[in-house]
Ligand SMILES: N[C@H](CCC[C@H](N)C(=O)O)C(=O)O
């Protein structure tokens, strides 16, 4: 039997597998089966801990329920940092991902701040399919139009809307996620600016659908709002699952994300029961 941890950040939930001593070689099909909320453990992302090598405490691999791999997962990074801090007794943790190394600090109250690095603002880095002003994409679907885009290690488009409750996210999300302008698909955020330091946000996640929270999406929303002159450099982002504190630091251009983590339960699973 294989042990796992069921963790979440504001209800964005993860099955965390420890592969540091033995690789599981998960196929996309097996990852999808593990994430299935009826036949498997169920989660928004499968998070694998792998040996990092020099310069980092752990390598974190991020897989969506559709089997696709992602370069960033803010909520999971907080969870993994808390897990490593509990193991090592250190409050500073470095988490390596395919998009780079992230520094995290675990606070005495259990919340975690992750330095998510600098946003990538060039169309090639998002990536987009053609040369485009990432501040206003030539994109419209139903009641939404002209999003801003950036990458936090994964692609994000943020639509700014006057009334979030009037937006049919479940209908628009899948269409926009797969729009030809996004060659690697995209996470689609719908943001309502309540004040220069307060945003409401709902994210249709690439490869996962609507989630209760999206850490990298909250970072992208603040960055895009500031670029548009709609918000300051620091804001509270209110997601359906709760609130994150986001700052786009002027000194080095890095984005800091602060929020809670939780372990819902630990369990055992029989990997042989899941399709290879
Ligand atoms: N679906 C995302 C990965 C998870 C991001 C989200 N859960 C977060 O907290 O940042 C993607 O394919 O880029």
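Numbering starts at 1 and runs along the chain as it is shown here.
Each residue, glycine too, has its Cβ placed from N, Cα and C.
Residues or ranges marked as active site in TrEMBL: 73. Under the DSSP three-state reduction, residue 73 (active site) is assigned to coil, being neither helix nor strand.
Sequence annotations record features per position, and here TrEMBL assigns active site, proton donor to 73. Within the same chain, the residues at least 6 positions away from residue 73 (active site) whose Cβ sits under 8 Å from its Cβ are 14, 45, 47, 60, 62, 154, 215, 216, listed in sequence order.
For 214, the entry in TrEMBL reads active site, proton acceptor. Annotation note: residue 214 (active site, proton acceptor) sits in a coil segment as assigned by DSSP.
For 12, 45, 64, 74, 75, 154, 187, 205, 206, 215, 216, the entry in TrEMBL reads substrate binding site. Here the Cβ of residue 206 (substrate binding site) has 24 other Cβ atoms within 10 Å, regardless of which shown protein chain they belong to.
All protein chains included, residue 75 (substrate binding site) registers 35 other Cβ atoms within 10 Å of its own Cβ. Each residue contributes its Cα atom, and for residue 12 (substrate binding site) and residue 214 (active site, proton acceptor) those atoms are 7 Å apart. Under a cutoff of 8 A between CB atoms, and with a sequence separation of 6+ in the same chain, the neighbours of residue 214 (active site, proton acceptor) are 12, 74, 75, 187, 189, 201, 203, 205, 239. Residue 187 (substrate binding site) falls within a strand when secondary structure is assigned with DSSP.
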